[in-house]
């Protein structure tokens, strides 16, 4: 953030002012400073985001029934706090950047980031710390290598004959033992004790012999994969909030009274929706659902994510319906060729943003909770990172879908679904396509969820 602030404040580090319509190019040094800031943010975010939710949830004791319920509530309010920050950045900071300059617009969050670091370290005496279990990648590699080395050995029918430490605790620091499961039997070969190891009594080489818990860690990741993959399609739909929803809004009347809404601010509708939905979910939906499901937190993580996927279909359908109405009005008023904004208030987009916020609260928070609860104890940050990876892949998938749609719909010289003039295009078809993809994704998710085996730890 400091690098970005400097690139927008120091005269030598920011490009020269535009002269009329001519804007001088930035120098290599100016580019270097600016992109260094962006990539340092990406690196820092990679350290913060997967760990902060896991570290927060670590403060609750799973063996205490009251704390277990509070932990589920923590994920809701954690996500709520993120969106409070997003609301400020996408409204107040956007206004400051456009009206008072980018230096001040970057400088304010830089100061608050510094305060956040001080606040974080100030709380150190209050935290509960889990013992670090070492590199998960190393343990996964050991299971793969050990099972390959013992590919000729037969897995015993009695799982009690597989190798596991006799101690109460797992061999992995900070991790409970995980009970054996019968799927992915080939990987169990890594825990088969060979005659040579039995005679020597040497079980210390983890590249040749792994514990059942270590093998089960990899099995859990494999079982999580179909659930994880569903997040990519969902994130591709969510990416429309900052892309196609904004384009749709630009083609509408953005005036509210005498105030002209900047297109960048339209995303605050979703953020405000999340801020409304989180308290509704935590205070009203959970107690109501608890009466029917018997689950302390209202819904299981898998149920919650499934509801989120269903609601995302409704969001795309709502966006498509608004677009149909907008195109019909453009045709009636003769605005098709001119491409002028249609006199239909941008406030008509609120329902789709509000529905998207509901889908976000159900799916993304459920995803956070799922990857924390179902991941092996010593892999929680890794699994949280995998959950966040669906955001990145979803954005890439959104770009790919957009590219393919543009290619195929303009192949014969047509305007295409998404043309520069949205009044001659068919953005509604694009939204229906995404709704269809989400329906297929939901069906695959429900099939995978029905077969999913919950983690059983000691």
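Here the Cβ of each residue, glycine as well, is placed from N, Cα and C on the backbone.
What TrEMBL says about a protein is an automatic prediction, not a curated fact.
Between the stretches 102-122, 123-143, TrEMBL puts its transmembrane segment entry on 102-122. In TrEMBL, the feature transmembrane segment is placed on 346-365, out of the ranges 286-305, 346-365.
Note on the transmembrane segment (74-96): residues 53, 56-57, 59-60, 104-105, 108-109, 262, 264-265, 267-268, 271-272, 274-275, 278-279, 281-282, 361, 364-365, 368-369, 372 of its chain, located 6 or more positions outside it, place their CB under 8 angstroms from a CB of the stretch. Residues 1-4, 6-7, 12-15, 385 of the same chain lie 6+ residues outside the transmembrane segment (28-48) yet bring a C-beta within less than 8 angstroms of a C-beta in it. Beyond its flanks by at least six residues, the transmembrane segment (102-122) meets 1-2, 4-5, 8-9, 89, 93-94, 96 of its own chain at Cβ-Cβ distances under 8 Å. Comparison of 261-281, 307-326, 346-365, 386-409 by number of C-beta pairs under 8 angstroms to the transmembrane segment (220-241) places 386-409 first. Long-range contacts of the transmembrane segment (386-409) within the same chain, counting only residues at least 6 positions beyond its ends with a Cβ under 8 Å from a Cβ of the stretch, are 49-50, 224, 228-229, 231-240, 243, 367-368, 370-371, 416-418, 426, 430, 433-434, 437.
The transmembrane segment (429-448) makes no contact with the transmembrane segment (261-281), as judged by fewer than three Cβ pairs under 8 Å among residues 6 or more apart in sequence.
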